[in-house]
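Step one of this worksheet: look at the structure below.
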Amino acid sequence: MRLPSFNPLLLGAALSTLVLPAAAEDVLRSTSLKSCQANSSGFKASLFDVVFTPNNLTASVNMLATSSIEGYVVFDISIFAYGYRVIHTTVDPCTSNLPGMCPMTSGKMNNPFNLPVTPEAIEQIPGIAYTFPDLDATVLVYVNYTDPAMAGQTIACLETDVSNGMTVDLLGVKWASAGVVLLALLSSAIVNGLGFSNAASHIASNTISMFAYFQAQAMIGLCAVPQPPVVKSWTQNFQWTMGIINIEFVQDILQWYQRATGGEATTILDMLSFVSVQVEKVKKVKRSMPMIDEATSLAKRSVGGLAKRALQTEFGSYVVYGIQRAAFRAGIETTNLFLTTLTFFYIFMIIAALGVVAFKVFCEVAAKLKIIKGDAWFEFRAGWLTVLKGVLYRWVLIGFPQITIFCLWELTQNDSAGAMVLAVFFFLGCLATLAYAAYRVIRIARRSVSLHRNPAYILFSDPHALNKWGFLYVPYRASAYYFIVPLLVYILVKGMFIALAQRAGTVQAVALIIIEAAALITASVLRPWMDKSTNSFNIAICAMNFINAIFLFVFTDVFGLPRLVIGVVGVVLWIANAAFSLILILMLIITTGIILFHNNPDTRYQFMNDDRTSFMKSNTQIATTTQLDALGATARGDGNLFRKSMEDDESAPGRSVSPNSGPYAHSTRASMRMDSARNSLRSSFRAPIDPISGTYPAEPHHLRGKASGSVRAPSPFGNNNYSGSSSNLSGQQREQAQAAARAAVGARAPGMTTEEDL
């Protein structure tokens, strides 16, 4: 029994019709001409623009060419789609009435003309060629002599890529992905402001992970590996995450700055009307037909402004690849690219800072006008500077991939003295900032383990540490506080290969396979994120990045695979990543929507096993009736809030514990004499904020304004039958806690850091 044939390209075409706008008119177009053999110097074209419209049976040709061919010739034309030859025909200029080509004469050709196309030729073109996005089609033209003395001799081989105007590089995809990320972060801030810090942390963590996945797709497009058209277009959708955003007046300012600091700007975009630019693609149509290697082997650095980046071919056209390919597709001059990414990194940082300041001003004005209660957002209003510092640190981490890649790449380009100084300053500055932050987190966690045998004690109870450094460890379980170090190493090494190996695409592909494999194995074995669902979310992203690295290696064609295989792999990469991105976006939207309309969204998530909720200033899930919770309340200064709960537990049958009995009865009176001073000290501690969304959780209670008195709950350690947290406190730790309580005014909780320490 014979199964029906199945073509994945047809499936891709069917899917694309659902998301791509319909073209007003069927059209095929070519915008560049290149050589496909080393001895094609007889015909050179610096500009080649052909537009074929089947409705009027004509092909409009606009060409600036120089020919040294003389005599009668015939054109042997082959059309390949995804490496498969779909059309082969021979055209005789004499019978086709081509002007100036019967016979061929040496000289310049700069007169546009229309070439008639017969209906029989049009019928050979399949309908999918006009609708499939980012068509991977190539036209090869062999120029052969027909004179008897040299009949059949090939004197030139020319190649051009064909496009139908349909693409997956859509403005709507860019805005949709950016909008989802922005709205998810705002939702996280709102949820955290309502007091549900656990749910807010999950939303923010997944949002940042999805943003990192978008950046990983953009990095694929920045690699110097030749890629199928659909891959280049799809990855271009996410270049905004790397700061590649084209705004005309910004480009004018950056070009002025570059020239003012001793640089010389390229003008490739201004020369498109008379110079062709070849966007590098997969190397071969088939094994016996060399393409861009031969052209670029004869390439040379041009003289003047264009020498900075683009390779000039023997035809006088230019070739862009890798990072400069992404810049050209975005409409940015390659000499402006580094400054563009740096500018938008800085602009977004300023916008985030102004957002914090604006909210601070709004809260103060609203409180004075009695639009909100006087104590609303009090903790944020009191500690907004600490919040601002945390937001700036957080943005440095988010933008670290683009800073690493483009600063290191700029060191290989030397656009201007000013740009070089900025590259060194921002790269070393961001690296030192994040390295110092990671060092502080590890130091604080080790201190907490040394004093309390639990890293979560200080990491989550100290508001200053949480506000400043929390973005580095909150997405992970407390015992994986160190995971920020492997993450920074991963970003740094990956960025170095992308930036510094632009001349070696195969090296980049192999390096990315090793790096992504290491990331996937590490994530799968350690599972460092805060809970099972977050681990699954991030491990799936690591797996997809590894698959993309394998696809990138296939595009290098080191195995000499048929061109059809490479074309199909490119389509698979597009469909797989589009589907995966859609799934992530829908998961985030649905989860965020449910949380926003849920009475208690924290109940949707399981308790985290690192005991962080016992130390963080509370939400609806905390009930301080265990040893660990009591310790957390003491660390935060919240004992007065939970005294009644403790007394209720003690009054229950079988749970009787007297404050004047037990092994610590002798210290009760001394401790009570220090309650007033200790209560004053505790009231000075600010509540921790959500370290990712950058806002304080709503507080149902405040210690301020309460009468002085004992806020210490009866010790739970006097009852050996007490059950609760699995964390055990040694006698030495209890003695240290009691000693700290006796220190009175000016003392601080054990292990607690202050603003001066940070």
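Each Cβ is built from the backbone N, Cα and C atoms, and glycine gets one as well.
Listed in TrEMBL:
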SIGNAL    1-24  signal peptide
DOMAIN    26-169  domain 'ML-like'
TRANSMEM  344-363  transmembrane segment
TRANSMEM  391-411  transmembrane segment
TRANSMEM  417-439  transmembrane segment
TRANSMEM  480-501  transmembrane segment
TRANSMEM  507-526  transmembrane segment
TRANSMEM  538-558  transmembrane segment
TRANSMEM  564-597  transmembrane segment
REGION    643-758  region 'Disordered'
COMPBIAS  718-749  compositional bias 'Low complexity'
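Among the recorded stretches 344-363, 480-501, 538-558, the one sharing the largest number of Cβ pairs closer than 8 Å with the transmembrane segment (564-597) is 538-558.
For the transmembrane segment (417-439), the neighbouring stretch richest in Cβ pairs under 8 Å, chosen from 344-363, 391-411, 507-526, is 391-411. Per-residue pLDDT, averaged along the domain 'ML-like' (26-169), amounts to 80 for this model. Counting residues per DSSP class in helix, strand and coil order gives 12 helix, 72 strand, 60 coil for the domain 'ML-like' (26-169).
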